[in-house]
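Novice: According to Swiss-Prot, the N-myristoyl glycine annotation covers G2. Annotation comment: Swiss-Prot describes 31-87 as region 'Disordered'. For 47-72, the entry in Swiss-Prot reads compositional bias 'Basic and acidic residues'. Positions annotated as domain 'Protein kinase' by Swiss-Prot, on the basis of sequence analysis: 132-390. The ATP binding site feature in Swiss-Prot is assigned to L138, G139, H140, G141, Q142, F143, G144, T145, T146, K161; the stated evidence is sequence analysis. What Swiss-Prot lists as domain 'EF-hand 1' is 433-468. The Ca(2+) 1 binding site annotation in Swiss-Prot covers D446, S450, R452, E457, and the record cites a curator's inference as its basis. Summarising the annotation, Swiss-Prot assigns domain 'EF-hand 2' to 469-505 and lists a curator's inference as the type of evidence. Look at Swiss-Prot and you will find D483, E487, T489, E494 tagged as Ca(2+) 2 binding site, backed by a curator's inference.
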Amino acid sequence: MGNVCVHMVNNCVDTKSNSWVRPTDLIMDHPLKPQLQDKPPQPMLMNKDDDKTKLNDTHGDPKLLEGKEKPAQKQTSQGQGGRKCSDEEYKKRAIACANSKRKAHNVRRLMSAGLQAESVLKTKTGHLKEYYNLGSKLGHGQFGTTFVCVEKGTGEEYACKSIPKRKLENEEDVEDVRREIEIMKHLLGQPNVISIKGAYEDSVAVHMVMELCRGGELFDRIVERGHYSERKAAHLAKVILGVVQTCHSLGVMHRDLKPENFLFVNDDEDSPLKAIDFGLSMFLKPGENFTDVVGSPYYIAPEVLNKNYGPEADIWSAGVMIYVLLSGSAPFWGETEEEIFNEVLEGELDLTSDPWPQVSESAKDLIRKMLERNPIQRLTAQQVLCHPWIRDEGNAPDTPLDTTVLSRLKKFSATDKLKKMALRVIAERLSEEEIHELRETFKTIDSGKSGRVTYKELKNGLERFNTNLDNSDINSLMQIPTDVHLEDTVDYNEFIEAIVRLRQIQEEEANDRLESSTKV
């Protein structure tokens, strides 16, 4: 029985035909979508991951939906297309497909300000503030804001994600919120998956109370610890694929797997790593395929861009994560979304340049099988967990990885954080006139008219407004990490557009807080 492998509750006898079970449809949250060519590109930094819930293990009787809603059927279609993109016409067709606008909802618009208290969850939940005190803000995104909240009866801390009803523009948006809660309820108690404590609704918002994770993000923990080997990477990969296998076996597809959506519960060395943010997740029927383009550019599967995909797309995303864990860089890279998508569709997988010569052949074999462009030939989550490199008794070496991997991981994480910090601080502190002036400053710096400036130029441009940006956030912002190459570039038009969008979100949040304080 040498090749028998057991993981959690399932053994290694998986096939494509019996892997996926359970109900229905689709989840929401204005997924990251590339824009049409005649519109300003939308920056990746404002994806839904900004709404991360820094989510601590706790238990209790969750106050959830009493009855399961029967989700509406999503348009599904023919079997999975396994063809590689090999000609220019096919590639352009796929890119155009990914760049298409989201279809307009064919339903009546709701007057969200007038929604009754039970209109979303369809059950009386009581008011959040009867049971919890709200604390500091943890993060925000297009649909909601996450706060620390403290349970009045126990003093336990949780994370509370509040979704204003005015952002639920139609019946489908309301269904999506119900389904996100239902999916978290469906996964309740599963290891390495964030737990939901309860759901509440008032006349202004829907509130999801979840466990609070204070141990930080996946990449930050790796860099902080300093000691990093293939065996450690294999252990982390096993946790990630264990989450995927658990979700798939319960008929759920995550659809937004990436390092930012995995958080440690606490700072302990053996802290559990948990998957968070199921806002784009969906229930799945056997053989069901989906057509909406969702996810994050570096981690998106080619069949998602082709608008015909199933749970195999989660395996691709997890494969990209393992590639980054072992090399510190993304396998398919570009300076714009379109360049990234081109690489995802037909770029060559690099497993030969540094640091790959020092990585084991077993690890590279697994990555090739997970980043197989034909989803029919791609490994399932169960098969990945049975691969020799990832098993507990497997062959992942315990020798340290090349030091460049850690430095690349640090840069990979720090660059994204720099952009997000700059966006948030600028949007909070600069007037519209100053933001316009900042754009003109970048245009002056950009003598080659490339539309891009280096991080050093970005820093210098921001320093002109230092009188308005005089706080601890800006001090941190101006201390660009040494691991972030100052000659790397950022698209300043994307940067400015993201600032404008973030200002709108912040103004809306202020209005929501005012409205919520006057209503119970």
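Here the Cβ of each residue, glycine as well, is placed from N, Cα and C on the backbone.
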Novice: How many whole Å apart are the CA atoms of H140 (ATP binding site) and R452 (Ca(2+) 1 binding site)?
Specialist: 27
Novice: Of L138, T146, which of the binding-site residues has the most Cβ neighbours inside 10 Å?
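Specialist: Counting every other Cβ within 10 Å of each candidate, the maximum falls on T146.
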Novice: Around R452 (Ca(2+) 1 binding site), how many other CB atoms lie within 10 A of its CB?
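Specialist: Its Cβ has 20 other Cβ atoms within 10 Å.
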Novice: Return the average pLDDT for the domain 'EF-hand 1' (433-468) as a whole number.
Specialist: 66
Novice: What is the total of other Cβ atoms whose distance to the Cβ of G144 (ATP binding site) is within 10 Å?
Specialist: 25
Novice: Could you round the CA separation between L138 (ATP binding site) and R452 (Ca(2+) 1 binding site) to a whole angstrom and send it over?
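Specialist: About 31 Å separate the Cα atoms of these two residues.
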Novice: Measure the Cβ-based neighbour count of H140 (ATP binding site), defined as the other Cβ atoms within 10 Å of its Cβ.
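Specialist: There are 21 of them.
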Novice: In angstrom units, rounded to an integer, how far apart are the Cα atoms of G144 (ATP binding site) and R452 (Ca(2+) 1 binding site)?
Specialist: 31
Novice: Three states by DSSP: which one describes G144 (ATP binding site)?
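Specialist: DSSP assigns G144 (ATP binding site) to coil.
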